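Colleague: The transmembrane segment annotation in TrEMBL covers 62-80, 92-112, 118-138, 150-168, 180-199.
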Amino acid sequence: MNIFRLAGDVSHLMAIIILLLKIWKTRSCAGISGKSQILFALVFTTRYLDLFTVYISAYNTIMKVVFLVMSYATVYLVYVRFKETNDSENDTFRVEFLLVPVIGLSFLENYAFTPLEILWTFSIFLEAVAIMPQLFMITKTGEAETITTHYLFFLGLYRALYIANWVWRYNTEGFVDQIAVVSGVVQTIFYCDFFYLYVTRGEKISFYTEAPNIICFLKQSRPKHWF
């Protein structure tokens with residue numbers, strides 16, 4: 001395993017830990033999109049079905065279990081343990097507009113037309129857009145707690161490091177996963193504006209006027225029945 005993948009995994013883990021600690025310490029899931037958390041849980045579920053059929057390494061198995069447990073723990077806290085603090089009025093992104101095209105692409109673009117491969121491809125495509133309900137929620141409310149911005153930063157960092165991991169693997173092993181690379185680049189693009197604002201302004205990000213361009217475009221151009 002190269003350093004970029006390891007650092008990416010650590011960043012991903014840090015993002016989820018930051019979110020869980022935020023919810024548990026404040027006893028509130030305000031500002032957190034439960035829809036994004038459900039999508040991420042769905043990502044891990046469909047990606048790690050091979051947990052029961054393929055053994056790669058102890059590290060691989062442990063990380064899969066950790067991500068599955070922590071993703072469902074987050075969903076539990078948002079929708080069960082602290083459901084009274086769930087800001088459902090602002091968490092209004094229409095996830096079917098993500099799921100339908102992702103399902104279609106999974107059947108059209110995959111490496112083998114088998115259930116596990118289709119579900120793995122589905123998880124890759126879905127991860128690329130799973131953060132959109134969270135970003136949309138931030139632009140809708142016009143605010144984000146510092147902890148939430150840290151969570152988004154580490155998620156974006158994880159994806160950026162994985163792009164570096166793919167470049168490294170291509171140069172050292174000649175390996176390239178086109179589906180994962182394309183989806184990862186798309187996912188990173190969603191974080192680009194946020195990264196810039198996070199680094200240059202830190203906690204003083206104004207999401208009313210400086211929200212990510214892609215999400216702003218969606219808000220300004222969507223039909224009334226969207227989201």
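Even glycines carry a Cβ here, placed using N, Cα and C.
A TrEMBL annotation is a machine prediction, not a hand-curated record.
Because the structure is a prediction, the values reported are computed rather than measured.
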Colleague: For the transmembrane segment (62-80), what are the same-chain contacts with Cβ under 8 Å, counting residues 6+ beyond its ends?
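Modeller: For the transmembrane segment (62-80), the far contacts come to 9, 12-13, 16-17, 19-20, 23-24, 29, 32, 34, 37-38, 40-41, 43-45, 48, 51, 86.
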Colleague: Under an 8 Å Cβ to Cβ limit, what residues of the same chain, 6 or more beyond the ends of the transmembrane segment (92-112), are close to it?
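Modeller: Contacts of the transmembrane segment (92-112) (Cβ under 8 Å, skipping residues fewer than 6 from its ends): 33, 35, 38-39, 118-122, 125-126, 129-130, 132-133, 136-137, 140, 179, 226-227.
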Colleague: Can you tell me which parts of the same chain pack against the transmembrane segment (150-168), counting only residues 6+ beyond its ends and a CB-CB cutoff under 8 A?
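Modeller: Tertiary neighbours of the transmembrane segment (150-168) are 2, 4-5, 7-9, 11-12, 14-15, 18-19, 22, 131, 134-135, 144, 176-177, 180-181, 184-185, 187-188, 191, 194-195, 198.
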Colleague: How about long-range neighbours of the transmembrane segment (118-138): same chain, 6 or more residues beyond its ends, C-beta under 8 Å?
Modeller: 31-33, 35-36, 39-40, 42-47, 49-50, 87, 90-93, 95, 98-99, 102-103, 105-107, 109-111, 144, 148, 152, 155, 179-180, 183-184, 186-187, 190-191, 194, 207, 211-212, 214-215, 218-219, 227
